[in-house]
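Colleague: Marked as FAD binding site by TrEMBL: 286, 298-302, 341, 344-351, 442-444. Annotated domain 'Photolyase/cryptochrome alpha/beta' per TrEMBL: 47-185, in sequence order. Residues annotated as region 'Disordered' in TrEMBL: 1-24.
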Ligand SMILES: Cc1cc2nc3c(=O)[nH]c(=O)nc-3n(C[C@H](O)[C@H](O)[C@H](O)COP(=O)(O)OP(=O)(O)OC[C@H]3O[C@@H](n4cnc5c(N)ncnc54)[C@H](O)[C@@H]3O)c2cc1C
């Protein structure tokens, strides 16, 4: 069986590169918009539904939730909220126990917040990914709902689900669907190149994005929480809905692990806002220290952004307030720290545009389709050591141990461990991408797939460590075998200590030679991609 169809390796399943190009040409997003615009507008407004997805888990500044609430209020009708729990979808996407638990805890908080507004948040199970749309339709019919609101999700699988939902809705003109853009400040697909196509190149996109936000600070405006329901009458039974529980494959190994992760990443909008405000006190150090993993000076907001616990508009409104109430985040309008942090947010915005307009990137295929022609090595021992953090390369091992303990890894390490896996070990990058999904609390398909996009750049983990972890503190923190190693020996103990000294550490020798494997990777990429015609 070809790797492409092996159910044991879901991360390898993908269409052919030719089919991928067709999908890019015939955008599911265009199809969805067409379906949305061809709906009949119902004459009457009855009960209104907001359908929460796993990326808009907040009641504050939630575009679709707010629109749903306004619609219900304008007609003096009730609002119901729904979340579909689908274990099959979580298993298919490889979502981590940490992320799933975080999602559940945020749902718990939202259910309490909504209850105070007399709005029920109902949890319904869908057995399969393919039955999610039908499950929602059944719910809509059962509760006499006339209007359904939700926020767009940009990934191929979620697009397909929404197309399926709209197709079924169009056969049944009793209800109307509205989807809103909520994940970004600038709507994906609106920053265009000279040729009128959505921009793909970061530098140009960044420049236009900064200009747009400076010109129109209203892009950061937020919307209020939903209004209190007109009444609870007839909704009583919907208030006691039980929170979903994680399937056994997605539960933490122990209660201690759960507690420690929950402590690091407390759920809820209040926690997210508190963390953001705390970060602003130190944002001025960001430009200088963001690449130093020992400083741990980045915001650690990613888990909150990927689950939508706080909106990007509210976040940047906080930054704007800090920036003397100016939405000029260019180097001339803000401090180096602010400019540099907002630049990362712009990466996030561009990556959503790329997912939407290059849908094959969310189908286990690289953006540069030529990389799908590379013959990877099936080095099981190397892969196992990569996951365990026992490759004998301190910087790489430290990163892999951090992700295991924190369900998080510093960006500099994400860059290094990914390069090491697919360049030095020549293991298919999709295995690493999947491992990140299965481990990270902040897994986000757009950021992850585009972070894992293969390239010819082979990072040198010794010089990377010397530059970014100059005291070796990050290595010593995560690799206890090396805690007693003083000085620069810690970056490359096998080559810099005597045989006797190294032998006492109980730390493995490097599994592969960096220089040799770098050459092997570059030659392999050149050889396999030379005549590739995707
Ligand atoms: C191989 C690889 C895999 C990655 N996987 C993910 C992932 O699954 N989820 C995820 O959110 N990020 C991912 N990133 C991007 C980045 O590493 C994390 O967003 C960042 O480390 C999160 O820490 P922070 O919130 O403290 O970031 P900060 O430095 O404080 O940045 C603020 C926010 O900007 C965004 N951001 C920062 N760096 C990037 C980037 N390089 N690309 C896109 N957005 C960025 C994130 O939303 C982040 O929360 C990946 C990067 C690489 C190289």
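Every residue gets a Cβ built from N, Cα and C, even glycine.
Just so it is clear, the model here is predicted, and its values are computed rather than measured.
Explain the structural surroundings of these features, please.
Modeller: All protein chains included, residue 349 (FAD binding site) registers 20 other Cβ atoms within 10 Å of its own Cβ.
Secondary structure by DSSP for the domain 'Photolyase/cryptochrome alpha/beta' (47-185): 69 helix, 30 strand, 40 coil.
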Colleague: Taking ligand 1 as the reference and 6 angstroms as the Cβ limit (strictly under), which binding-site residues among 286, 300, 346, 349, 442 are close?
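Modeller: Within range of ligand 1: 300, 442.
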Colleague: Out of 286, 341, which of the binding-site residues has the smallest number of neighbouring Cβ atoms within 10 Å?
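Modeller: Lowest Cβ count within 10 Å among the binding-site residues (286, 341) is 286.
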Colleague: Just counting, how many other CB atoms are there within 10 A of the CB of residue 442 (FAD binding site)?
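Modeller: Around the Cβ of residue 442 (FAD binding site), 23 other Cβ atoms lie within 10 Å.
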Colleague: What are the non-local neighbours of residue 346 (FAD binding site), defined as same-chain residues 6+ apart in sequence with CB under 8 A from its CB?
Modeller: 202, 205, 206, 209, 210
Colleague: Name the residues of the same chain, 6+ apart in sequence, whose Cβ is under 8 Å from the Cβ of residue 300 (FAD binding site)?
Modeller: 275, 279, 408
